[in-house]
Amino acid sequence: MTASFLATRLTMLVVTVLVASLGIYGAFMLAPGDPATLLVGGARKPDPAVLDRIRAEYHLDDPFFAGWWHWFSGCLHGDFGRSLVYRDSVGHLIGERAGDTFALVAYAAVLVLVLGTAIGTVAALRGGRTEALLTAATSGVMAVPTFIMSVLLIWVFAVELPWFPVYGSGTGFGGTLSHLTLPAVALAVSWVGYVAQVTRTSVRTELRGEHVETARSRGVPESVVIRRHVLRNASGPIFAVSGVGIAGLIATTAVAEQAFGIGGLGALMIDAALKQDLAVVQAVSLLFVVLFVAVNTVVDLVSAALDPRTAQGGSR
Amino acid sequence: MSAAAPLLDIRGLRIDLPTGAGSATAVHRVDLALAAGEAAALVGESGSGKSLTARSVLRLLPPGAEVHGELRFAGESVPGMSRTRLREFRAGEVAMVFQDPRAHINPARSVGDFLVEGLTAARGVPVREARRRVEAVLQEVGIPDAERRMRQRPGELSGGLLQRVMIAAALAAEPKLLLADEPTTALDVTTQEEVMAIVTEAREARGLAMLFITHDLELAAAVCDRVVVMYAGSTVEELPSGALHHGAAHPYTRALLASRPSVGDTASGLRAIAGRPLSGFEVPAGCSFAPRCPRARDACRTDTPLLRAAGTGTSACHYPHITEEAEQRA
Amino acid sequence: MSTAPAPVLPSAGRTPPVRRRRLDTATLAAAAVVGVFVLLALFGPLLAPHDPNAVDPLGVNAGSSAGHLLGTDDTGRDILSRILCGARASMAAPALVVLVSTAAGTALALCAAWFGGWTDRLVSGALDVVFGFPGLIMAVLAAAVFGPGLAAPVIALSIAYLPLVTRVVRAAALKERSLPYVSALGLLGASTPRIWLRHLLPNLAPLILVQATIGFGYALLDVAAVSFIGLGSQPPAPEWGLMVSNGAPGILTGQPQQSLYAGLMIVVLVIAVNLLGSGLSRRLPGGAA
């Protein structure tokens, strides 16, 4: 892949994060009423002395860009400010919860990649009734959002079959794995369906490719043809879509955390939003946007490297 | 023609392809024999079934296709081969050069990977040995900087160079028969000549038999010992290359010759064949060429003609055009 | 055999015709299901056998019976009535999201395609940034700023959905703009607004409709999810996403009916909308999308 492609994507990443941070900070200025009151959170009427202290601490009386820069540069250094609702530093709140969210998203990402590509490949290679069945199943599953899938899983596995724990995040690797299985499935399932469908189409297209005919005409064993020519060539679009899916997991992890009572970043953001604790909501949503954009950028770069047709003239 | 059993022997080949409802016959009747070291051209318009015939030799047909009749390689029935035997057969006895190297070489992998794969993956030759052999063949087809080329991607090579790579890949397998499916159609004229010269040279050096698929009668006669003409899924005429211009007995072959532009023959102009070429799927009763044939009579519309001796070759025609010269020789 | 459909070439000065193909059975069935849901949104309250908010402390968490076909919820409210009355609340908000984002997105796309240059670069760049902002996170941020309720998430999602419409319409408008009939209209003295309204928009309308249909499916899921996490519709509104969340505690005690029926409504509607969207897109000139 070329250096200019890399530079363009990285510039876009930085610009997007900068503009998003302006939007996140600016949203807070749009709020009805006094921002200082919002920072205190809730509906109580705090005394004027407290409000003045908050104004000074949050640079609320500074010009907009100065205030933004103060907040944004603080975030870059890991200083996300203080939450007046949780009576804790936002950085500490995030640090405590990031692990669970990371584990959940990583688990779901593995499911999306492994199950999605496996189901799609089997459907394309088998064809016939298997393909029709898997296509129907994946289409159906794509219409089931995380929150409904969560409820269904809780119903099946808490009431009917007690195989997995339903709430919390567990301790140790095994405990975490078994606690996070249902949330990860709920989070991943519609993306598994999507990736499976794209994989199926992509593999089918490659199977019909002329270069596959060449390989077969030379007596290359079918398993090698599938691996080196079909899957290898289909991997570009499959990886691109899986990446969009993994970025999507970051956007919806909040719903799964809420449904299964996992105390991760998403649950923290929702809880803070309900309490109108803007300092926390701003920091967490900035974090999510950065992760979302970063994953998308990495995916673009990797899929360009996988598919020399999109970035001609490159080497491995 | 040699008296020994032919290398490739096709008799009464019929190929049915699956369609939305049931199946349709794409190739009706192909009779063809090829001795070791001999080159024959299979000539016909698009849709005449010549590519399908060549692919059937390697059993490279679309899923669901049905093959009837006899297809033997060195006496062994190709449709009767087991999966393992078929793979062995493809890996070492027959090699195919395709029309469009750009599409037929995997664009995502290096040229070296492509060349070596036929030996390593298909035959279990160690990688180092395979590379050595492939580099030697690349020299032979006129690619001197083999090492650099093998590191490149197909996208970085020109069409002519890529077709040489495809030919090298076919030769590296040391086959007995080369199937060349319009190997020069996708190339420009000067490159075409170079590529044909390379194929002819390599073939003669190795005593390699070749089935050359083309729509170009002149090229066919120039490169091959014999010319086999196909129309609408059937072989209609077969004759030695030297006799093409004066000995052609089938009205279709004669019409094809007349419709070709040639240097120094500007006065008479081109004669297009009336009507539209038929594909194997839409063949009427009787002779498939009858609807377009100026010499057609009633029998042509009811009885299907079979190949039989006519003049210097064989022809599937009820009323072949026998020239005096040919008659005298016969 | 090889009769590939020739592309429809427009003649200068006239609006090119839209190729018509018949809709297949699955698309028609999907359209029928969507139609039933629209009727529910319009007339649901008239069909409801009970007041959706009438509590019955003596009949909580009841199963199906003649009086309550789908049973009652944790405060004894009739689930069937709540589902019927909830159609409007559940579908109006996503419809509004799609309406706003489609209208604004189409206007942006036409401006970008028509004026090109800086306008185009600005619009496209802004949309790339918006695209980097997941809709659900934007909705949560908006809810945090403006307080819970549907208004803030609807505005946030309308913005988040802009790229979905704008990118596609911009590309199509660019192609349309380069067609000879548009420059012919300009030469004939037709004004820009006239070209837009009488020629460009009608030609782009089928594409815009398809994008809006696809967008409605996403918006329905996102709005329901926002209500599910408690930042959208507030109790006692009979909104489906909220009902799924209200019914969640009941599942553990063996009364899954509220969550399941409300969830089923969402899933069925989304499947129908998706099928309709892909069916319509296959009918667009230029084939499958």
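Yeah, the Cβs are placed from backbone N, Cα and C, and that goes for glycine too.
The transmembrane segment annotation in TrEMBL covers A:12-31 (among others).
The domain 'ABC transmembrane type-1' annotation in TrEMBL covers A:98-299.
Taken from TrEMBL, the feature transmembrane segment covers A:102-125 (among others). Beyond the ends of the transmembrane segment (A:102-125), by six or more residues, the same chain brings 131, 134-135, 138, 169, 176-177, 180-181, 183-185, 187-188, 191-204, 207, 226, 231, 238, 242, 245-246, 249-250, 253, 256-257, 262, 264 to within a C-beta distance below 8 angstroms of the stretch.
Within its own chain, the transmembrane segment (A:132-157) is flanked in space by residues 119-120, 122-123, 163-164, 166, 182-183, 185-187, 189-190, 192-194, 196-197, 200, 252, 255-256, 259-260, which lie at least six positions past its ends and keep a Cβ under 8 Å from the stretch. Positions annotated as transmembrane segment by TrEMBL: A:132-157 (among others).
Marked as transmembrane segment by TrEMBL: A:177-196 (among others). Counting only same-chain residues 6+ beyond the ends of the transmembrane segment (A:177-196), those with a CB under 8 A from a CB of the stretch are 103-105, 107-109, 111-113, 115-117, 119-120, 123, 134, 137-146, 149-150, 153-154, 157, 164-166, 168-170, 238, 241-242, 245-246, 248-249, 252-253, 255-257, 259-260, 262.
Among the features that TrEMBL reports, transmembrane segment is placed at A:237-260 (among others).
Outside the transmembrane segment (A:280-306), and at least 6 residues removed from its termini, the chain residues within Cβ reach (under 8 Å) are 1, 5-6, 9-10, 12-13, 16-17, 20-21, 24-25, 28, 71, 75, 80-81, 83, 85-86, 90-91, 93-94, 235-237, 239-240, 242-244, 246-247, 250-251, 265, 268-269, 272-273, 314, 316. What TrEMBL records for A:280-306 (among others) is transmembrane segment.
When Cβ-Cβ distances below 8 Å are used as the criterion, the transmembrane segment (A:12-31) is approached by residues 38, 64, 67-68, 71-72, 75, 278, 282, 285-286, 289-290, 293-294, 297 of the same chain, each at least six residues removed from its ends.
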